[in-house]
Ligand SMILES: NC(=O)C1=CN([C@@H]2O[C@H](COP(=O)(O)OP(=O)(O)OC[C@H]3O[C@@H](n4cnc5c(N)ncnc54)[C@H](O)[C@@H]3O)[C@@H](O)[C@H]2O)C=CC1
Ligand SMILES: O=C(OP(=O)(O)O)[C@H](O)COP(=O)(O)O
């Protein structure tokens, strides 16, 4: 049997810990270790899960030892033992580590909070897996951008897309955050248009004509988008439904059947049916899908904490040339229990 590729994780927060858990579910990769800066509850969880913990500097290890957490070495020791590193440090911090990764020649996966030029390519598994194949460094785009790319690429085979317009209602902070987010406001994000998401979508599919606007609201659960896509030819609603239903990683929620008309109900139902209540799929509100000649509009919801997790697994396989596109997507989805079912 082929040995598993060893994946280092730098940054074990919202995204890093979910990616680490997902890696250890795959049969072709394993977490070689995680880098932590503080011996907090996430470090204690990693220890309990049997993940080896590394620190940035040797001196940091003392604080971990005081809490009974064994430290296996520094980030440089971890890099030397690993085949690839997933950087899930906060927005813009990955840039500081790029030199270190390059020094050791290790393949690297960055997240959407980094500038696009940090990596050889920006990535979404459904849209450009083949172009990312064998790339030394890959940037998995942000959660909202991933959501937009899922629906755009799923519908792009129906007819040529002339224009996409999307309004994004962004969550203010993640559930565990205690320092961020609007308390009683709707914040224009930014005031000048378009928001960064349009430019980000174009880093993956440069051919698209897209405009986006975003506001931030006081909620922690999910983002919601209103998306309008204009095609060059007339489209049929059934074809739209079929394309979304047949695309991996998209769930259609029918409010007429389920009564679901909000992010809180989506999360509540996911808590019954999915691990941690994470929703790796993009959730499209089926009964919002409205077709008028060559234009379709709909609402979709993005679980920001988990939508990019499967993309990170596929990015590892693409970078290390482990699997073809559909082989990787299918493997990832099977191991993560991505089943397109919410309730
Ligand atoms: N949270 C979200 O909704 C999403 C975040 N992203 C992107 O993922 C990346 C990570 O974001 P989150 O997981 O939300 O951040 P986070 O703040 O939850 O986690 C970051 C982790 O990195 C650690 N860290 C901080 N400074 C560090 C340093 N200098 N060296 C090593 N580790 C350090 C923190 O202690 C924390 O464990 C960002 O680029 C973000 O834009 C992408 C999709 C969704
Ligand atoms: O990737 C995200 O949002 P984005 O797609 O709007 O950039 C995450 O929700 C992180 O957003 P944050 O930068 O407000 O923590």
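Glycine is treated like the rest: Cβ placed from N, Cα and C.
Where the annotation comes from TrEMBL, it is an automatic prediction and has not been curated.
Look at TrEMBL and you will find 143 tagged as active site, nucleophile. As annotated by TrEMBL, NAD(+) binding site applies to 14, 15, 113, 171, 304. According to TrEMBL, the D-glyceraldehyde 3-phosphate binding site annotation covers 142, 143, 144, 197, 198. Residues or ranges marked as domain 'Glyceraldehyde 3-phosphate dehydrogenase NAD(P) binding' by TrEMBL: 5-143.
Shown here: features listed in TrEMBL, placed on the structure.
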residue : record                                    : Cβ contacts under 8 Å, 6 or more apart
14      : NAD(+) binding site                       : 174, 176, 305
15      : NAD(+) binding site                       : 88, 111, 305, 308, 309, 312
113     : NAD(+) binding site                       : 90, 91, 92, 94, 142
143     : active site, nucleophile                  : 112, 223, 302, 303, 304, 307, 308
144     : D-glyceraldehyde 3-phosphate binding site : 168, 170, 197, 214, 223, 225, 302, 304
171     : NAD(+) binding site                       : 181, 216, 217, 219, 220, 221, 222, 223, 304
198     : D-glyceraldehyde 3-phosphate binding site : 166, 210, 211, 212
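Within 10 Å of the C-beta of residue 197 (D-glyceraldehyde 3-phosphate binding site) there are 25 other C-beta atoms, taking all protein chains into account. For the NAD(+) site, the Cβ centre of 14, 15, 113, 171, 304 serves as reference, and the other residues of the chain with Cβ at most 8 Å from it are 142, 143, 174, 305, 308. In this structure, 304 are the binding-site residues from 144, 171, 304 whose C-beta falls under 6 Å of some atom of ligand 1.
Classification of residue 171 (NAD(+) binding site) by DSSP places it within a strand. Filtering 14, 15, 142, 198 by Cβ distance to ligand 2 (under 6 A) retains the following binding-site residues: 142. Across the residues of the domain 'Glyceraldehyde 3-phosphate dehydrogenase NAD(P) binding' (5-143), the predicted structure has a mean pLDDT of 98. Residue 113 (NAD(+) binding site) falls outside any helix or strand according to DSSP and counts as coil.
Taking every pair among 14, 15, 113, 171, 304, the residues listed as contacting NAD(+), the largest Cα to Cα separation comes to 16 Å.
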